[in-house]
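Student: Annotations for this protein, taken from TrEMBL, read as follows:
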- Ser233, Asn265, Leu330: Na(+) binding site (BINDING)
- 514-526: compositional bias 'Pro residues' (COMPBIAS)
- 544-554: compositional bias 'Polar residues' (COMPBIAS)
- Cys82-Cys91: disulfide bond (DISULFID)
- 480-573: region 'Disordered' (REGION)
- 6-26: transmembrane segment (TRANSMEM)
- 47-70: transmembrane segment (TRANSMEM)
- 150-171: transmembrane segment (TRANSMEM)
- 183-210: transmembrane segment (TRANSMEM)
- 230-247: transmembrane segment (TRANSMEM)
- 259-284: transmembrane segment (TRANSMEM)
- 318-339: transmembrane segment (TRANSMEM)
- 360-386: transmembrane segment (TRANSMEM)
- 392-414: transmembrane segment (TRANSMEM)
Amino acid sequence: MFPYFIMLIFCGIPLFFMELSFGQFASQGCLGVWRISPMFKGVGYGMMVVSTYIGIYYNVVICIAFYYFFSSMTHVLPWAYCNNPWNTRDCAGVLDASNLTNGSRPAALPSNLSRLLNHSLQRTSPSEEYWRLYVLKLSDDIGNFGEVRLPLLGCLGVSWVVVFLCLIRGVKSSGKVVYFTATFPYVVLTILFVRGVTLEGAFMGIMYYLTPQWDKILEAKVWGDAASQIFYSLGCAWGGLITMASYNKFHNNCYRDSVIISITNCATSVYAGFVIFSILGFMANHLGVDVSRVADHGPGLAFVAYPEALTLLPISPLWSLLFFFMLILLGLGTQFCLLETLVTAIVDEVGNEWILQRKTYVTLGVAVAGFLLGIPLTSQAGIYWLLLMDNYAASFSLVVISCIMCVAIMYIYGHRNYFQDIQMMLGFPPPLFFQICWRFVSPAIIFLQAKVHRRLPQNPLHFGSLPEWNVLFHQLPQRRGVPDHGPPAPPSPTQTYGPQIRVREEQRTRRPRPPTSAPLAPPPPKSHSSSVPGPLGWDYPIQRRQSLALSSTRLLADSEASDPEAGQWEPGT
């Protein structure tokens, strides 16, 4: 956990604060904010691509959770025993099926018998065979798609319908749903934690979780995994932080929000680790193996290891329902942010009144497209492609996007301008620690990690019969011969960028973007009863609303020189 906390302190929290302040000041989505420097608008498109990839396969994970949730509505969990038609002779469960007939809770297998089954046979648990042979009906090759699993396809449709209905009114409706989706998982985690620590062998799993492996502390892969986990956990470089912050009031204290949310998020991850490894320690003790041999990776941890552990609890269907309901809520909370990021980027990019009034149809179109693109992932080879997307499309790319964003803001736009803009927005400049991290520490750590990652020998992804050619995805960043074109001169921020009033909902109106050839005259003042206007409102002349490139001091001087009455304006009044 040492690399995890180092990356959290010097990269996670500073970049989290940067994205929140970036989106809140500009009141734009992940594309609109790059009016600060149009040359780097590709970073916004990169965020959109990452959010698209994640949104496609993440909802497939949610649909599998829906499938397990519906399958748990029975008096005996279907993955508890090895007496099902899909089970093989290698199946060896942790429960004795002989006690099933008398209605009592089955007893665990004796320790010596478990060791015998584990060492003399190629043991597969009933939950693993249920996952591979029944739910997925896993094909023998990534190119053999086989048939589309209709139960998973139906659950995928249900998950996309739920996401659309929760976002049908934008952040108004999703904001209310998140109150429940963000709090209820803590209840389930606490229940599972209390049950887990009371099991025999739980202490062994927790000690394995807390004991650092100092021999691996200098391995670059460990630090790379820690960085990827931090960025994935906090949502940095997805575009979602910028998008959600754009709906904040202009003077909202996003500094306080970033620190509280980051620490709470990572504390939750550590707490969930205790829940997971307490159960894994019990299973390892029961099977007579090391904890490292019990833990799985990827979706198998949620759909193999934990479902098997749930069969050991009394009234196991009830706990299974609660657990998978928690997974559904956690997934939906993430999916809301991903879909809203894409919808907001599209609406901002078009930027006319027609699309603003039909944002619901844009949301529907994105949801339908996501459903259609997710259909191949519900086939018999879908899990292979899901793992490829998860490992290559939304891991290291987040680190690269964050590095470019940090360099563009601090060195192309200018750190002094950005610090002054934050002071205008919050009333105080960013703390010295964040200034140092933004300018030096965070970009240096990310860049160094990227350079080391390119030179490391890469191991291909292994899952079932996933072929060795997937190592190509690892080797692509290492290939040479890419033309080195010198970058063009950094452009100045456009006149349409700056602190604006966010106009997204039906009762608000959005002024169309002025053409670049000649500035438009300022529109007549409009009242916005649903929000408090920022210091540069819609009625302020566009010639003087010069975006982030002009600090509040230079804006004031310019207004005083051209209009004595405008010089009376002060930030925050």
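Numbers here mean position along the shown chain, with the first residue as 1.
Placed from the backbone N, Cα and C atoms, the Cβ positions cover glycine too.
All TrEMBL annotations are machine predictions without curation.
Values in this document were obtained by computation on a predicted structure and should not be read as measured data.
Give me the structural setting of these features: burial, nearby parts and distances.
Tutor: Within its own chain, the transmembrane segment (47-70) has Cβ neighbours under 8 Å at 30-31, 135, 151-152, 155-156, 158-160, 163, 237-240, 242, 299, 302-303, 307, 320-321, 324-325, 327-328, 331-332, 334-335, 338-339, 341-342, 345, 370-371, 373-374, 377-378, 382, 385-386, 389-390, 393-394, 397-398, 401, counting only residues six or more beyond its boundaries.
Long-range contacts of the transmembrane segment (150-171) within the same chain: residues 59-60, 62-64, 66-67, 70, 135, 177, 244, 247, 328, 331-332, 335-336, 339-340, 343, 359-360, 363-364, 367-368, 370-371, 374-375, 378, 382, 504-505, each at least 6 residues beyond the stretch ends and with a Cβ under 8 Å from a Cβ of the stretch.
Distant neighbours of the transmembrane segment (259-284): 1, 4-5, 8, 12-13, 16-17, 94, 186, 189, 192-193, 196-197, 199-209, 230, 233-234, 290-291, 293-295, 301, 305-306, 308-309, 312; these residues of the same chain sit at least 6 beyond its ends, with a Cβ under 8 Å from one of its Cβ atoms.
When Cβ-Cβ distances below 8 Å are used as the criterion, the transmembrane segment (392-414) is approached by residues 11, 15, 18-19, 22, 36-37, 39-40, 43, 46-47, 50, 53-54, 224, 227-228, 231-232, 236-238, 438-439, 442-443, 446-447, 449-450, 453, 473-474, 477, 490, 493, 548-549 of the same chain, each at least six residues removed from its ends.
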Student: Could you check which of the binding-site residues Ser233, Asn265, Leu330 is the closest Cα neighbour of Cys82 (disulfide bond)?
Tutor: Leu330
Student: For the transmembrane segment (360-386), which recorded stretch in the set 6-26, 230-247, 318-339 gives the largest number of Cβ pairs separated by under 8 Å?
Tutor: 318-339
Student: Would you list, in sequence order, the residues of this chain other than Ser233, Asn265, Leu330 that have their CB within 8 A of the centroid of the site's CB atoms, where the site is the one recorded for Na(+)?
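Tutor: Nearby residues not in the site list: Leu234, Thr268, Ser269.
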Student: Apart from its near flanks, which chain residues at least 6 from the ends of the transmembrane segment (318-339) lie with a Cβ under 8 angstroms of it?
Tutor: 51, 54-55, 58-59, 61-62, 65-66, 68-69, 72-73, 77, 159, 162-163, 166-167, 174, 177-178, 180-182, 184-185, 188-189, 191-192, 195, 235, 238, 240, 243-244, 302, 306-307, 310, 363, 366-367, 370
Student: Which number gives the other C-beta atoms within 10 angstroms of the C-beta of Ser233 (Na(+) binding site), all protein chains shown included?
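Tutor: Looking across every protein chain shown, the total is 16.
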Student: Among all the protein chains here, how many other CB atoms are within 10 A of the CB of Cys82 (disulfide bond)?
Tutor: 20
Student: What is the number of other Cβ atoms found within 10 Å of the Cβ of Asn265 (Na(+) binding site)?
Tutor: 16
